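Let me begin by presenting the structure, written as structure tokens, before commenting on it.
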Amino acid sequence: MLQLRFVKGGLTFLGVKRISVLNAAFQSTQRVEYKPIKKVLVANRGEIATRVFRACTELGIRTVAVYSEQDTGQIHRQKADEAYLIGKGLPPVQAYLNIPDIIKVAKENEVDAVHPGYGFLSERSDFAQACTDAGVRFIGPSPEVVRKMGDKVEARAIAIRAGVPVVPGTDSPISCLTEAKEFSNIYGFPIIFKAAYGGGGRGMRVVRSYEELEENYTRAYSEALSAFGNGALFVEKFIEKPRHIEVQILGDKYGNVVHLYERDCSIQRRHQKVVEIAPAAQLDPQLRDRLTHDSVKLAKQVGYENAGTVEFLVDKHGKHYFIEVNSRLQVEHTVTEEITDVDLVHAQIHVAEGKSLPDLGLKQENIRINGCAIQCRVTTEDPSRGFQPDTGRIEVFRSGEGMGIRLDSASAFQGAVISPHYDSLLVKVIAHAKDQQVAATKMSRALAEFRIRGVKTNIPFLQNVLNNNQFLHGTVDTQFIDENPDLFNLRPVQNRAQKLLHYLGHVMVNGPTTPIPVKAKPSSVDPVVPPIPMNDPPPGFRDILLREGPEGFAQAIRRHKGLLLMDTTFRDAHQSLLATRVRTHDLKKIAPFVSHNFNNLFSLENWGGATFDVAMRFLYECPWRRLQELRELIPNIPFQMLLRGANAVGYTNYPDNAVFKFCEVAKENGMDIFRVFDSLNYLPNMILGMEAAGRAGGVVEAAISYTGDVADPTRTKYTLDYYVNLAEELVKAGTHILCIKDMAGLLKPKASDMLIRSLRDKFPNVPIHVHTHDTAGAGVASMLACAHAGADIVDVAVDSMSGMTSQPSMGALVACAKGTDQDTGIQLEKVFDYSEYWEVARGLYSAFDCTATMKSGNADVYENEIPGGQYTNLHFQAHSMGLGNKFKEVKKAYAEANKILGDVIKVTPSSKIVGDLAQFMVHNDLNREAVETMADELSFPLSVVEYLQGYVGIPYGGFPEPFRSKVLKDLPRIEGRPGATLPPMDFSILETKLKSKYDDITPEDIMSAAMYPKVFEEYKDFSTQFGPVECLNTRLFLEGPKIAEEFEVELERGKTLHIKALALGDLNKAGQREVFFELNGQLRSVLVKDTQAMKEMHFHPKALKDVKGQIGAPMPGKVIDMKVKEGDKVEKGQPLCVLSAMKMETLVNSPVSGTVKKVYVKPDMHLEGEDLLLEIE
């Protein structure tokens, strides 16, 4: 029997306590009317809405979704039985904060209860009250409890009254910055601002100094106002490096409260949880008891019902501090469900219906921890950019699954559009296992199975967390991410398949990505590789080189009986015939056959020269990768490359250390013989290249570029003595092999005999190698004459890739030498097989084949002296620039341009300079006399100007005067070797720069960037966008697939894509077409911008010739750089801009003095001839 004692009209303490006990007993025994819920509206979006809908469906409850105008395509509205638009005309977030609209939908559709989810209105007491007032149950605590717990200051006061330890902080929300200053003066820094009416890291800012106070206060207030509709903040002392532990509680309407143990949410960035674990690792059992006891005590203090979370900070001494109560379901509730086997959403609904926790079997003694669960929040955020949210269309979505894995997803599906309006959460992945290590293994495996393309995700970062030793075997605190920068060493996502689909779609919509000179389609027939033995290839000359070194190799060559051949099919042949466009894909296929059947070749010329930049510029391949792959396939034949002396593989001068480094890296990647030349035979440039190749350990083959005719006594500049004397200097400099580089095919049989015999007599112990072209058709005869005169090696190309501007025929020379002292030892039948492959392969490159317009060789090369490779390139460029019908004039102009420049040695880059001037002359209808007369007025190609300045070197006989002075005017001149004055290249700075922009930068990439900075950048950008296009066969690379065509693409050994092109969509408003494929049996689509459609909408004004101040583009091309801007004063002859067309750059000079009135172009703009550049008045 309860006894009460009154003392002076009041109750004694004992009486108060007994009444309190009585009330608690009454609450626990009273019965609340049970009202089953038949229809639930979820006032939320995304994965939490879907989670609640699923629970309702399992309980037989009908569901209602609400959605904003921006969320019409979201999955949550499709998962519900009914869905209604709210917040019409409002901003995206405000729509879900529109209480009247939500209540209206609930009332109009006979909704029994509203579930708030998390975020948005979930902790707004006015929303809970509005639901109650409307007669709709709020699945959560009572409005009063939501108010108390949602007001973090009041919640803090309640905790203090309940005897729960708290962090020092303000008693109420601060109203101004001054109050924050006063708090910091009392407690010192660091402090933390927190939103009074919301969580999730929004409105939360740590301040470590007085200087940061105002800025962080402003930002925290703004974030809180935007996220929760109220910017109120309170301030706490910031606990350094705590663990963030939270306890899941569940209460009913009868005063029962249980805990479901704790979760460790310490892995955070910007106070937002990233990975959650239940239970907390290595948590002291006594501390666990204190945390759970305080959580239940606090909940009972306020009469808490439904689900909630009590959050604590635990310092390094094991002391815990209450921070807040989240009176709602948490994002991370899933891990608690996994380890306790309690469905929290079911429990929430049943409690709201009036059931007690005992009715649900939820007694504290029955709730046990079973194993460990980890949750990872997969978001569309880019960890490498400070977790910046990414937006766009999900092109591919494939999730990880399997035993122990649970997925709670939002709108994660192929075709979903990720907008910038809402949270970046894509899917929650939960792994459950017996302990944390096994759960982490399952999680890692599941994340590795994910394929999400079209938007960046944080999966690589999450994988690093899961593999971190501290995470797996220790404890983590809230500074874990900040103190482990290696977590940001992200493994790049390859995404190869989708990128290739983008490329194929791009080609299908816009045509080839590489410029096509003639309208010819690639052959539909792929070449067949002849049979290849399964055993290793037989030994070759490379075995001698590796065994005896460069000197021993040179002696072995000199001792060899018979004529040795160098095969140029892999480089100069296709440079000469097919504009250097042959891809690694086709070289690799035939490489094993060459290795097995042509092991007695002196070498394969397969690298360097124009192939280096063209590989990146037009084929989008890595030239180093080509070298590596061919070296692996052909281990027995020496490789030879072209090294342009001090120009390395470029068209300009490089610092000396760059040339040395290039040779070193080339040798490391499998290069053997360095054929070193200079475009002007400028000895200082050649010697630098020789030293670089020699120091790298390569075979040095010094090459003298040949021009003129030593057999013609009227040609007095480049005489026999000139060549013999130059050869003597090169032998003194230490060349292993002496080469004559007849790049235009000017060596006639008589001249061949005279030159080679003189060199053999002068240098009996030095191997002699002769390189030529067959433009005039006399190549085989001349090479046989060289062999008879004492040459050890001559160049050939396989029959179907020989002749015309290429090298003489391999088959013809092998047949002619057979049975003689010059017998090559090569089987003619194997040459035929080799030739058959290339005959078919050549058909794939018909758009680049010189035979499209040039049907035969031409002896006029003896007059114009155009090098073989350039002959084709010049032809290609002429067609690209609209001068195809004037190619004869270009050739004549080439001869005149050569004379204007002083009759120079013509080989890259000097040959390019002559070619640039020739095209300039034809385009502007100029002859030699006009050029020389008007030299001080014309805007010459940049290459011509730089040549005259001395950037290429000093030509034999000096520069032409007065032409040089008239062109240069006051421009600076370089004396001596151009590269000698350049400062050394800092490769460490270059490496840092590249690694900050691109993933997986190799030493070879650094050299590519050093040689061709802009080309390399464009190549890397292309590869990033379109992936490994080198895996595609050549027809697909150039033309793309036909609709309904099925094909395979081998990404690497054992990984093959099966692709079918399905359809090409119509043009949309954004200028895009959707291209549909089937990839490995699954439908895929990509959006491709139709560049041609966009071009047709662009009209650029033309320069009017009769208006003196209008400056037009002298030729079609791209704007590289602007030298002036509107309002600038300019003088006559002053540079205005730089244009580029097909590797030729032109400096446009002002024809008049005046002021720039208007600029019509900008860098990277593509122009037609005479397009208006700017106006000068």
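We count from 1, first residue shown onward.
Cβ from N, Cα, C; glycine included.
Copied from TrEMBL, the annotated features are:
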BINDING   LYS152, GLU236, HIS271  ATP binding site
BINDING   ASP572, LYS741, HIS771, HIS773  Mn(2+) binding site
BINDING   ARG644, THR908  substrate binding site
DOMAIN    36-486  domain 'Biotin carboxylation'
DOMAIN    156-353  domain 'ATP-grasp'
DOMAIN    563-832  domain 'Pyruvate carboxyltransferase'
DOMAIN    1108-1177  domain 'Lipoyl-binding'
MOD_RES   LYS741  N6-carboxylysine
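This view paints the features noted in TrEMBL onto the structure.
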{"residue": "LYS152", "record": "ATP binding site", "contacts (Cβ under 8 Å, 6+ apart)": "LYS194, ALA195, ALA196, PHE234, GLU324"}
{"residue": "GLU236", "record": "ATP binding site", "contacts (Cβ under 8 Å, 6+ apart)": "VAL167, PRO168, GLY169, THR170, ILE191, ILE192, LYS194, ILE323"}
{"residue": "HIS271", "record": "ATP binding site", "contacts (Cβ under 8 Å, 6+ apart)": "GLY201, MET204"}
{"residue": "ASP572", "record": "Mn(2+) binding site", "contacts (Cβ under 8 Å, 6+ apart)": "GLU605, GLY609, HIS771, ASP795, ALA797, SER806, GLN807, GLY868, GLY869"}
{"residue": "ARG644", "record": "substrate binding site", "contacts (Cβ under 8 Å, 6+ apart)": "GLY609, GLY650, PHE677, ASP678, SER679, GLY689, THR908, PRO909"}
{"residue": "LYS741", "record": "Mn(2+) binding site", "contacts (Cβ under 8 Å, 6+ apart)": "ARG675, PHE677, ALA703, ILE704, SER705, TYR706, HIS771, VAL907"}
{"residue": "HIS773", "record": "Mn(2+) binding site", "contacts (Cβ under 8 Å, 6+ apart)": "SER576, ASP742, MET743, ALA744, GLY745, GLY779, THR805, SER806, GLN807, PRO867, GLY868, GLY869"}
State the count of C-beta atoms found within 10 angstroms of the C-beta of HIS771 (Mn(2+) binding site), not counting that atom itself.
29
Within 8 Å of the Cβ centroid of the ATP site residues LYS152, GLU236, HIS271, which other residues of the same chain have their Cβ?
GLY169, ILE192, PHE193, LYS194, ALA195, MET204, PHE234, ILE323, GLU324
Please count the residues of the domain 'Lipoyl-binding' (1108-1177) that DSSP assigns to helix (H, G, I), strand (E, B) and coil.
0 helix, 38 strand, 32 coil
Averaging the pLDDT values of the domain 'Biotin carboxylation' (36-486) gives 92
Take the Cβ of THR908 (substrate binding site) and count every other Cβ within 10 Å, whichever protein chain it belongs to.
25
Mind computing the max CA-CA distance among LYS152, GLU236, HIS271, which the record assigns to ATP binding, rounded to whole Å?
16
